[in-house]
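Enquirer: Handing you this structure, nothing more for now.
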């Protein structure tokens, strides 16, 4: 699959203490607990969000809450409630967690309920029961969470995603899609590619120029090409051609887009157009063996069709001559039989006449 390198994300000091939510008006915030080694002490009233999820507001927010299926980028610190063991700190790791509300992983269910309740600019401490966290078995890889552990999350919401964050999120989706593609989970892979492409909408791309445009296209175009690869495997050739056309609008000399469009056209029986795409692809990637194989396959297929047509026409015209020959032989045999019968009848009549005389 197509995997292009992405430039390292640059984050300012203000961006390190925030949860990023796309589709909701979250704003930048203040630093959280001072050193982050233990959970903050919060005296505000406990708000029950779910049987196993409660929230204490550290700082009131304003505006709207994130809607279902909003994509949130979460920077948080997390502890086990009883031992206060810190098992994850995304600021320290400089890697936010991506969360789609309503489509979160099982261990993120409680966290998603908490985030869905947070207004723009709100800081909160979330109390989550083990049933909506890492469960009865816990997690012994990273992050290391013991079994049946209630959890605490400290976090804050902020406004929109930076360009680097948006491109980075799309790139992670693309990588997830690539893993699913290798496992032959094509429908799931396409969902990841579609979500990656959604980050690169027309309004977003229109604002980009220079290196940022190059960074975005280095993620967006491979997602379209990978979508085409999935669709070809699913025999959805017209849709595959559409994704290739999008890439060729940006990069008319992209050999992979030309190759996959040619492959889809060949499957649809559009041999002349497919051959043209393969020849263009070969021009830009002359050493690609896959392109050679496809051109050779088209030539062999056309040769086979020609031979089949030749046999068919031979049967039509040659069969007519054979049929007339059979009819002619049949008529000759009937004439000979008739002549023999006439001759025999004449002889009988002759003998009868002699006897009468």
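The backbone N, Cα and C atoms fix where each Cβ goes, glycine too.
Keep in mind that TrEMBL annotations are predicted by a computer and have not been checked by a curator.
So TrEMBL says this about it:
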type	residues	note
COMPBIAS	1-12	compositional bias 'Low complexity'
DOMAIN	69-154	domain 'PPIase FKBP-type'
REGION	1-43	region 'Disordered'
REPEAT	255-288	repeat 'TPR'
Enquirer: Do any residues, 6 or more residues outside the repeat 'TPR' (255-288), come within under 8 Å Cβ-to-Cβ of it, and if so which ones?
Expert: 2, 221, 224-225, 228-229, 231-232, 235, 237-238, 240-241, 244-245, 247-248, 294-295, 297-298, 301-302
Enquirer: Can you count helix, strand and coil residues in the repeat 'TPR' (255-288) using DSSP?
Expert: 27 helix, 0 strand, 7 coil
Enquirer: Which whole-number mean pLDDT does the model give the repeat 'TPR' (255-288)?
Expert: 94
